[in-house]
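Record features (TrEMBL):
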{"type": "BINDING", "residues": "SER275, GLY276, GLY277, VAL278, ASP279, SER280, THR281", "note": "ATP binding site"}
{"type": "DOMAIN", "residues": "248-424", "note": "domain 'GMPS ATP-PPase'"}
Amino acid sequence: MANAAGVGCDGSSAAAEFDGGRVLVLDFGSQYSHLIVRRLREIGVYSELRRCDIGLQEIKGFSPSAVILSGGPASVYEAGSPHLCPSFFAWAQEAKVAVLGICYGMQEICHALGGKVEGGEKREFGSTWVELHLEEAAANGGAVALFAGIEEARCVDGEEAEGEKARKRHKSGRKEMLVWMSHGDKVTAIPEGFTTFASTAACPYAAIGDPERHFYGLQFHPEVTHTPQGTQLLKSFVLDIAKLKPSWTMKNFLQAEIRKIQTLVGDAHVLGALSGGVDSTVAAALVHKAIGDRFHGVLIDTGLLRKDEAQNTLAKLKACFPSLSIECVDASEAFFSKLAGVRDPEKKRKIIGNLFVDEFVRVVNEKKIHTHNTFLLQGTLYPDVIESCSFKGPSHTIKTHHNVGGLPEKMHLKVLEPLRELFK
């Protein structure tokens, strides 16, 4: 099958039209990695998630203005733990690419640049107050741009999260910030050139930075909502330190994606196998807006939707797009028959995916639709891509997704995935 149109694990990207810069998030296996990408998109900055072990050429090919290193469950000092390619930091320094390490990512920075990481006597997990050392850092020549806007908002967020306890801590004169910790190892010595921005009783280096090289590290997780000012930290990093512009908006995406579809498809036709769900329905509406009556949709009623949902979806699509070519096929009996007695979720996913393909092929053959130089529309979203190409370690089995992979080679269909860059 031809390559999908959109963002892939191979370094392809459909964000070339956005000139505000881009952030590459390298995944070390954290359960929060996708949230980093999501928060950056919410800020208005385009970002993608890739495995941490990709080569330097792929990193360069992405042309990032900044790189964020995610957390992860491993220990940097143990054999077999994931690491960046050896020349990464030298390249980042020379190319003036800002780097932010989060949790394991911060430990990776320190481990690679001459610091020291050890197992902690006390594991920190959950909401934690970190003491800020911004005045001391500034006095020692350390720029504190990463924490711009944090100090003024700290007390308000603390009161909302902790009530009277926060007010008492504020009266003590200590400058603190509420964050979410999840680590056992800790940095015990920072590399030359780094300054300490924050600490806890159990973690002497909770936030560090080398402003000269634009390398920063946070032992806590700014990407989760449990760190109330976490988004502000990420915003300061990408906008103030890395100097990106917030040009990634849905309005800009829609305009760019319509142009991209029109250029990619040309005068060809697009077939769409719709499930009645949100993803494929939105994808169908977008492609129809781009190429009009050259889109042909088949809404397959699997019987697994809510009552009358397939027919209601069809009616709404017809009402919004009177010229939309789409028909509904009731295949519920076939799906019920194949799924009878099956309990394993992964087996169910494969059965549903394979049968969906079979029903679509049957309809295409019955209608004698010519599939050469024709595209197949899929409602793949960015979380589907993350499932398939994030770093999970050598023994992790990635669950299959019905939108990734697909149809028989003999159909000669190219894949069109216009929503592949989006979160729901």
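The backbone N, Cα and C atoms fix where each Cβ goes, glycine too.
Features as recorded by TrEMBL, highlighted on the structure.
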| residue | record | Cβ contacts under 8 Å, 6 or more apart |
| --- | --- | --- |
| SER275 | ATP binding site | LEU299, ILE300, THR302, LEU305, PHE356, GLY379 |
| GLY277 | ATP binding site | LEU305, GLY379 |
| VAL278 | ATP binding site | LYS424 |
| SER280 | ATP binding site | GLY272, ALA273, LEU274, LEU377, GLN378, GLY379 |
| THR281 | ATP binding site | LEU274, THR313, LEU317, GLY379 |
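Cβ-based neighbour count (10 Å, all protein chains) for ASP279 (ATP binding site) stands at 18. Reduced to three states, the DSSP call for GLY277 (ATP binding site) is coil.
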